[in-house]
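**Student:** Provided herewith is a single structure, encoded as structure tokens, for subsequent inquiry.
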Amino acid sequence: MSTRPMGTPGGLPPQELIWWHATWLAVLGLGVGVMLFSPIQQTTSAVVALALGAAPALAGLLLARSRHVAAHSLILFNWGAGGVLAALLTGGLAGPMAVWHLAPLAAAAAMGRIDRLAMGAAISLAAICVSLLAEITLSLPAPPPFDLASGLGAVAIVTTAVGLGLALIVLQRRVILDTRRRALMEVRLREALGDQPHLLVVVQPGGKLVAAWGNAPRGLKGQVLTGRPLSQLATPADRPRLEAALREAIIEGKSEVGFAPAGAPALWHELSLRRVNPARLTGSIRDAGLQRAREAALDQARIDAETANAGKSRFLANMSHELRTPLNAIMGFSDIMRQSLFGPMPEKYGEYSALIHESGEHLLELINDVLDMSKIEAERFELYREEFDARDAISAVMRLMRGQADRAGVSLRGLMPKEPLEVTADRRAMKQIALNLISNALKFTPKGGTVTVTAHAEGPMLELIVADSGTGISATDLQRLGKPFEQAGGADQRAAGTGLGLSLVQAFAELHGGEMAIESQLGEGTTVTVRLPVMELSVVEVVPETHPEETAG
């Protein structure tokens, strides 16, 4: 069913306009027939005038099938032109056919459209003006004799009266149909609004509720809502929140606010407001108790997780400190025994003391890693930036790792420029980055392989690259690396560390404002690149050439 209101495109079905034109032709034909069988003498002007009354009707039968505005406009224009010419041929505005000036108005009413009715009235008025102007400026044919004029006048009056009568019936029917349609639409709209899961409201800028539809949430059911101030829906404590939300919606165009309903303070509702125009706002009220409970549970879970994580980090830090104190004593005394400072010992005891010292060093490294990571996670790690030559820090680490490389049968090489790499960074963090990268590379490189350490300046960035010819890392493991306690490789390789090496490298790089990138393929080795924005300006201006420098193996 059409939902177009009266005065909008569409109008009545074209059959009604077709029947109107057919009725006009029938009445006109009946009148002409009566005149033909009467003793009245016909004139050429009278015959042409009657034909001019039939021509628009015939054209209308063809054009009425279209609802296009151009077709309707042409119909009305034809009626206006026919009325003017018929009137001018029979004596003008004072002649018997002058009443046909109203034909455009009657045809427009038959279209059942308010805008067409206005157009028809305008064309009728224009036709009268044209006829008046023609009478003043032109020499018109003489009026017909009285008996002929009487017959023509009767035909004109009857056709116009019938046309106007039918048109008014059509127009009235249109009004009735539109009224019924609007009433049905309103009923359906109210039913649809009443079935809404939320309460829909219309609010004046002053805060008064003027309409409400839908299902009222708990705490508002059974209450008379319309006519009340919006703020009275909430408890006294939440009323300022509703008033502030109303002001925000008026100014910003929309707002949302939660409130406890006055009828059930233990519940929680949410109001969403939107400004439709300066005189009206619309909104919806829904029960938001479950959502609020979920959000509160999520917030509490987040707080609990953060508390547990902070507690874990504090525990690890405290335990690391407690473990390092006796460990330093173990390492110190084992070193004294290893060096036989208080006299010679049996060879077996010397071997045992060396193993104790080596194990203590390994355990101390693990504890330091755990301590550093716990500080970083607790956001308590502080960088101590100083100016130094990055080559010295990296070379010191390579000298430290030379023994491990020799025992593993791996060639450890360094590629660094001859010119100093002056940086402003944390020296210990820089060493830790190099130590963890080289240690990892040696662990995953088989005997006969090579580990290459490259350091150079790239603009403001210091690039430290550690590449090995080892076993490589699978794509699955590659995604996990960089997270604390995550390791790659087989079970024997995983057992060789805590899984903190690369996560510490990434953390130290990010603390300096840098980044870490890993490239690897199984069977082809791994390349880890650390880029740190720590170069001094003097180094940035002159990029040094690099020369291979063997540091070990």
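Glycine too: its Cβ is placed from the backbone N, Cα and C atoms.
A TrEMBL annotation is a machine prediction, not a hand-curated record.
Feature annotation from TrEMBL assigns domain 'Histidine kinase' to 318-536. According to TrEMBL, the transmembrane segment annotation covers 18-37, 44-64, 84-105, 117-136, 148-171.
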**Student:** Which residues, given as numbers and ranges, are at least 6 beyond the ends of the transmembrane segment (117-136) yet have a Cβ under 8 Å from it?
**Tutor:** 72-73, 76-77, 79-81, 83-84, 87-88, 92-93, 98, 101-109, 111, 171
**Student:** Which listed stretch (18-37, 44-64, 148-171) has the most C-beta pairs under 8 A with the transmembrane segment (84-105)?
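**Tutor:** By the under-8 Å Cβ criterion, the transmembrane segment (84-105) pairs most with 148-171.
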**Student:** The domain 'Histidine kinase' (318-536): mean pLDDT?
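**Tutor:** Per the prediction, mean pLDDT sits at 82 for the domain 'Histidine kinase' (318-536).
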**Student:** Sequence-remote contacts (6 or more beyond its ends) of the transmembrane segment (18-37), Cβ cut-off under 8 Å?
**Tutor:** 50, 53-54, 57-58, 60-61, 64-65, 107, 110, 151-152, 154-155, 158-159, 162-163, 166-167, 170
